[in-house]
Amino acid sequence: GVPCRCDSDGPSVHGNTLSGTIWVGSCETGWHKCNTEHNLFHECCKQ
């Protein structure tokens with residue numbers, strides 16, 4: 001999947017590890033949304 005930034009990754013500066021994965025729609029079962037950003041068509045999710 002496409003990596004995305006979770007709140008726990010810290011501020012989005014170059015070089016940070018992106019620990020989330022973008023899911024279209026909402027997060028897969030067993031995953032949870034890991035940031036506070038509001039996106040219309042996808043969520044940044046983490047297992």
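The first residue you see is number 1, and the count goes up from there.
Just so it is clear, glycine is given a Cβ too, placed from its N, Cα and C backbone atoms.
Some features that Swiss-Prot has for this protein:
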DISULFID  Cys4-Cys44  disulfide bond
DISULFID  Cys6-Cys34  disulfide bond
DISULFID  Cys27-Cys45  disulfide bond
MOD_RES   Pro3  hydroxyproline
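In the three-state DSSP scheme, Cys34 (disulfide bond) falls into the coil class. Each residue contributes its Cα atom, and for Cys4 (disulfide bond) and Cys45 (disulfide bond) those atoms are 8 Å apart. Neighbour counts were taken at the CB atom with a 10 A radius for the disulfide-bonded residues Cys6, Cys44; the maximum falls on Cys44. DSSP classifies the residue listed as 'hydroxyproline' as strand under the three-state reduction. A 10 Å radius around the C-alpha of Cys6 (disulfide bond) takes in these disulfide-bonded residues out of Cys27, Cys44, Cys45, in sequence order: Cys44, Cys45. When the alpha carbons of Cys34 (disulfide bond) and Cys27 (disulfide bond) are compared, the span between them is 10 angstrom. Cα spacing between Cys27 (disulfide bond) and Cys44 (disulfide bond): 8 Å, rounded to the nearest whole number. Counting only same-chain residues six or more apart in sequence, the Cβ atoms lying under 8 angstroms from the Cβ of Cys45 (disulfide bond) belong to Gly20, Thr21, Ile22, Trp23, Cys27, Glu28, Trp31, His32, Lys33, Cys34.
Cβ-based neighbour count (10 Å, all protein chains) for Cys27 (disulfide bond) stands at 19.
In the structure as shown, the Cβ atom of Cys34 (disulfide bond) sits within 10 Å of 21 other Cβ atoms.
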